[in-house]
Amino acid sequence: MAISTTGKIVIFVATIAVVGANYEVGVGIADMTGPCVEINFVVKNLQELYGNIYSLRNVIVTGTHTHSGPGGHLVDFLLDISILGFSKQTYDAYVAGITRSIIRAHENIVPARLFFGETRVWNVHKNRSPYSYDYNPLEERERYDTNTDNTLTQVRIVKEDGSIHGVLNWFPIHATSMNMSNRLISSDNLGYAALRLERELNPASLTGKPEIVAGFFSSNHGDVSPNTGDARCEFSGELCDNQFLLCKARERCFASGPGEDMFESTEIIGTGIYKAALECAQDNVTYKYKQEVLHSAGTELRGELAVIHQFIDMPEEVVAKYDPVARRFDLNEPVKGCMAAMGYSFASGTIDGANILNITQGTLTGIPVLDAIVGLVMGPTEEDVKCHAPKPILLATGRANFPVPWHPRIVSATLIWLGGFVVAGLPGEPTTMAGRRVKDVVSNVMRQHGLQPRVQVSGLTNEYIHYISTFEEYQVQRYEAASTIYGPHTLEIFLNKFAEFISVAIKGGDVDPGPEPEDHRSNTISFVSPVVLDATPIGRHFGAVLEQPPSKVRVGDVVSATFVAANPRNDIRQESSHAVVERLDGSQWRTVATDADWETK
C-alpha cells in the first residue's frame with residue numbers, strides 16, 4: 001500500500017508471479033480516503049473472488065506513512081483513542097480501497113521484467129535523535145558515513161514493449177513535513193513525490209488515476225525527520241532538544257523547514273525525493289513511455305519469488321542475543337520480549353510533534369504520583385519492570401484489555417524474496433541503525449550462499465507497533481526507545497526471524513505460520529458521534545455559491561470560491577472528488593484538477 005497523492009489517500013498494488021525467464025506483474029491504484037472531518041478485512045474479500053490465490057501469508061500491506069490521514073482503523077485501543085475510538089467508517093473505507101486496488105492489479109497482470117537500482121538523496125532529512133544514535137558501538141557507526149540512510153531503492157516494472165508498468169521506491173523519512181497545525185488530509189512529502197512521478201509518467205492522466213503507478217514506501221525512518229531546520233522553542237526562538245536544552249513551561253520545542261511554511265517544506269522535500277526516483281540510475285538502459293523518460297538501472301532481477309511470513313507472540317519469544325560488532329548471534333545468551341509497555345519519554349513527543357507536558361526525552365525515572373494513578377488502571381508487574389529496564393513504564397498497555405487490548409501481543413514479520421532482491425517487512429518504525437542491522441543480518445546470510453546482497457527494509461508493514469530501536473539506543477530512552485513497546489530486545493527478535501526467513505527463502509520451504517492474532521473488531525467502542533444534523537442556512541440550498549471566483553485571473557493567482565456544502569461524512573466520495581476545477585475548451589468543460597491535486601486545498 002502506498003499513500004501516493006497529496007489530497008486523496010490512494011493505494012498502489014503490485015502483484016507478481018514468476019513465469020519462465022520473466023514475471024507476470026499487475027499494478028493497481030484506488031482511492032481509499034476515509035471521512036475527512038470529525039474523525040481524527042481485505043484477504044477475506046479477495047478469497048471470495050479469487051479462491052486461495054491471496055492469503056494472510058502473501059498479501060503485504062505497507063504504508064507511505066502520514067500524520068494527516070483519517071484515523072480510527074487500527075482496532076487496538078491506544079492506537080485509536082486519540083481520535084475518540086474505533087471508526088467503522090474509516091475502517092470500511094480503507095478496506096474497500098485496498099480491495100479495489102488489488103482487484104485492479106489482478107486484472108492488470110502482464111508479462112514484465114524487473115530492474116533494481118539505488119541512488120543517494122541529499123539534503124532532505126536529518127537524524128532527530130543523534131544522541132541516541134551515537135550510543136551505538138563506534139565500530140558499527142564507522143561502517144557508515146551518515147547517521148541517516150539516504151539511499152533510495154527502486155524496482156521498476158517494465159513491460160515487454162519496454163514501457164513502464166509501475167515503479168516501487170523505498171526511502172527512509174518521516175512524513176511529517178505537514179505539521180501539527182495542519183487540518184487537511186495529506187499524504188505529505190512521500191505522497192508529493194509519488195504525485196510528481198506519476199505526473200511525469202502519465203502526462204495525460206488525472207491525479208490519482210494514472211496508468212503507470214508509483215509507490216513510495218517507508219524504510220528505516222524511525223529517527224529521521226524531514227524538518228531540516230534547528231529545533232527551537234516556539235516563543236523564545238532558543239535552540240532546544242527537549243532533553244538537555246529545554247524550553248520554558250508550556251512552550252513547545254519543535255523543528256521546521258526547509259520552507260517558509262509546511263506546504264513549501266512538503267514540496268521541497270518531496271521534490272528532492274521525486275527527482276532522485278526519476279534519475280535513480282544513469283546507465284545505458286533507458287525505457288520510454290510516450291515522450292517521458294525514466295532511466296533504469298542495468299541490474300535485472302531474475303529467478304524465483306518467495307514470501308515468508310510468520311505471526312510472533314512477542315512476550316513469549318526467546319532468541320539469541322545479537323552482537324553488532326562481531327556481527328553474530330550468541331546462542332549462549334538468550335534474550336526475550338516483554339509485555340507491551342510505553343515509557344515516560346513516549347509522552348515527551350519529538351521535534352516533529354512536541355508537546356507541553358513536563359516530561360523530557362531521555363527520562364529514566366518515573367514520577368511516583370503518576371505511577372500510582374496510572375497503576376489503578378494498568379499497573380506493570382515486577383516482571384514487566386525488570387523486563388523493560390531501564391525504561392520507566394508509563395503505560396503498561398500489555399496489561400490493559402478493556403474494551404479491547406490496548407496493544408497487539410501477536411505481530412507479524414514478512415520477508416519478500418524477489419529474484420535476488422529482499423524486502424524485510426517490519427510492523428513498526430525502525431530507527432536508522434535498527435534498519436541497518438536488519439539489512440546487515442540478511443546480507444550476511446546471502447553472502448554465505450554466494451549471493452550479492454540487495455536488501456531493503458520496509459517499515460509500517462501489515463500493522464503498527466510504534467518504534468523499533470537498537471538495544472544501545474534503548475538505554476538512552478529518548479522518544480523512539482520509550483516507544484519500543486516489547487522491551488530492549490525487540491529488534492533482536494526480528495533479527496533472528498529475518499536470519500531464519502532469508503535462509504528458508506534461499507533454500508526453499510516455509511516457516512511455521514505462528515499463532516494467528518485474535519479479531520477484536522466486534523468489541524471496539526467509539527465516542528465519535530454520528531452526523532446529527534446536516535442542513536443549509538435559511539434561504540440557501542446545498543451547492544449554492546456564496547462567493548464566486550473572479551472572472552479573470554493570471555497564472556500563479558490563488559482562486560477561491562465558497563459553497564454551501566454538505567457534511568463530507570455523508571458521502572466520502574471514494575473514486576470521486578469533493579471539488580473539481582474545470583476549464584472551458586471551446587464548448588466543452590474539461591477537468592484539470594480535483595481534490596487530489598497539490599494545487600487544490
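Placement of Cβ uses the backbone N, Cα and C atoms for every residue, glycine included.
Automated prediction, rather than curation, is the source of TrEMBL annotations.
What you are looking at is a predicted structure, and each value in this text was computed from that prediction instead of being measured.
Listed in TrEMBL:
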- 42-495: domain 'Neutral/alkaline non-lysosomal ceramidase N-terminal' (DOMAIN)
- HIS65, HIS174, GLU429, TYR467: Zn(2+) binding site (BINDING)
- SER225: active site, nucleophile (ACT_SITE)
- 510-601: domain 'Neutral/alkaline non-lysosomal ceramidase C-terminal' (DOMAIN)
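Secondary structure of the domain 'Neutral/alkaline non-lysosomal ceramidase C-terminal' (510-601) per DSSP (helix as H, G, I; strand as E, B; remaining residues coil): 6 helix, 19 strand, 67 coil. Other C-beta atoms found within 10 angstroms of the C-beta of TYR467 (Zn(2+) binding site) number 23, with every protein chain shown included.
When pLDDT is averaged over the domain 'Neutral/alkaline non-lysosomal ceramidase N-terminal' (42-495), the result is 88. Around the Cβ of HIS65 (Zn(2+) binding site), the number of neighbouring Cβ atoms within 10 Å comes to 25. Within 10 Å of the C-beta of the residue listed as 'active site, nucleophile' we count 24 further C-beta atoms, all protein chains included.
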